[in-house]
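A short worksheet on the structure shown next.
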Amino acid sequence: MKHLTGLCELPLYEIQRLLDLAAVFKKELRTKAPAFAPTLLSKKIALAFFENSTRTRFSFEIAAKHLGASTLNFTASSSSVSKGETLGDTIKNLEAMQVDAFVIRHPSSGAADLITGITSKSVINAGDGSHEHPTQALLDMFTLKEHFGSLEGLNVFILGDILHSRVARSNIFGMLTLGANVALCSPSTLLPPGTSDLGIRIFTDLDQAIQWADAAIVLRLQLERATGGYLPSLGEYAVHFGLTDERLERIRKHLLVLHPGPINREIEISSRVADRMQPPGFSSSLLLQQVTNGIAVRMAVLQTLLAE
């Protein structure tokens with residue numbers, strides 16, 4: 001395994017291998033003074049982020065340092081990209097500095113796959129346009145696996161702007177591979193065409209999705225959708241598709257809740273649902289557990305691509 005640009009064609013055994021290795025790292029991370037073998041001591045990893053990021057960038061940096069690697073932090077606004085340098089030239093110049101891998105966040109779909117044709121080094125997709133975000137999906141699956149033991153037969157629905165979501169796409173591919181039952185819940189204007197061809201259930205009624213599901217992955221609503229003709233208003237979206245305590249209490253169904261962040265509080269999810277880590281109540285938020293698990297999962301990815 002040389003690159004991780006998506007989960008669309010990643011076989012079951014590779015996903016399971018990454019999740020199993022992440023579990024080993026997570027066990028050590030839980031100790032008071034976690035210590036890891038510096039398996040990547042001589043490696044240099046370029047964190048090339050052409051879009052803003054908090055959780056993904058910092059967790060990759062922490063993951064690399066736990067394994068002994070050094071990181072080069074790249075931001076487009078403070079680089080020669082702002083002077084017109086092409087993506088290809090940027091990658092070639094970083095490779096000339098003898099980096100061993102690229103972690104790429106880019107606004108264009110397919111950018112990570114494009115870069116694999118430019119460099120001989122390993123490429124990890126940290127989110128490209130509306131294409132894929134494989135490490136986010138891996139940490140989501142890892143988090144659910146911690147709670148349920150397996151994703152086989154698990155009912156999981158993804159709520160929100162599916163059409164523009166790279167997180168949704170990677171989760172659909174990965175969870176179907178692991179045997180989960182996947183559903184989408186969204187206004188019809190924010191559903192991509194052809195999803196029903198994958199054997200995915202579609203809900204346009206949030207109450208019905210909650211009654212069906214064991215867990216929900218809530219997506220950040222990109223606020224510009226309200227002015228782009230996709231939604232009547234943010235308020236209308238919150239009424240019909242916002243995950244709230246009141247809705248869960250009315251249905252009386254306990255739900256595990258995930259969200260990739262950042263959160264639009266009181267739009268796609270209420271603060272009470274987002275912040276409740278455990279009962280009482282009809283939901284348990286796994287949001288911060290996802291962030292913690294992101295380190296272990298990204299350690300597993302770096303170890304698999306660079307140390308084996």
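In case you wondered, yes, glycine gets a Cβ from its N, Cα and C as well.
Small disclaimer: the values here were computed from a predicted structure and weren't measured.
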Open item on the list: Among R17, R30, R105, which residue does Swiss-Prot annotate as binding carbamoyl phosphate at the site that also has R55, T56, H133, Q136, G261, P262?
Closed with: R105
TODO: Determine which residues of the same chain, besides R55, T56, R105, H133, Q136, G261, P262, have their CB within 8 A of the center of the CB atoms at the recorded carbamoyl phosphate site, and list them by sequence.
DONE: S53, T54, A126, G127, V167, P260
Task: Distance [Cα-Cα, Å, rounded] between H133 (carbamoyl phosphate binding site) and R166 (L-aspartate binding site) - done: 5
Task: Max pairwise CA distance, angstrom, over record-listed carbamoyl phosphate binders R55, T56, R105, H133, Q136, G261, P262 - done: 16
Open item on the list: Using a 10 Å cut-off on Cβ-Cβ distances across all protein chains shown, tell me which of the binding-site residues (R55, R166, R220) has the largest neighbour count.
Closed with: R166
TODO: Identify, among the binding-site residues G261, P262, the residue whose Cβ has the fewest other Cβ atoms within 10 Å in this structure.
DONE: P262
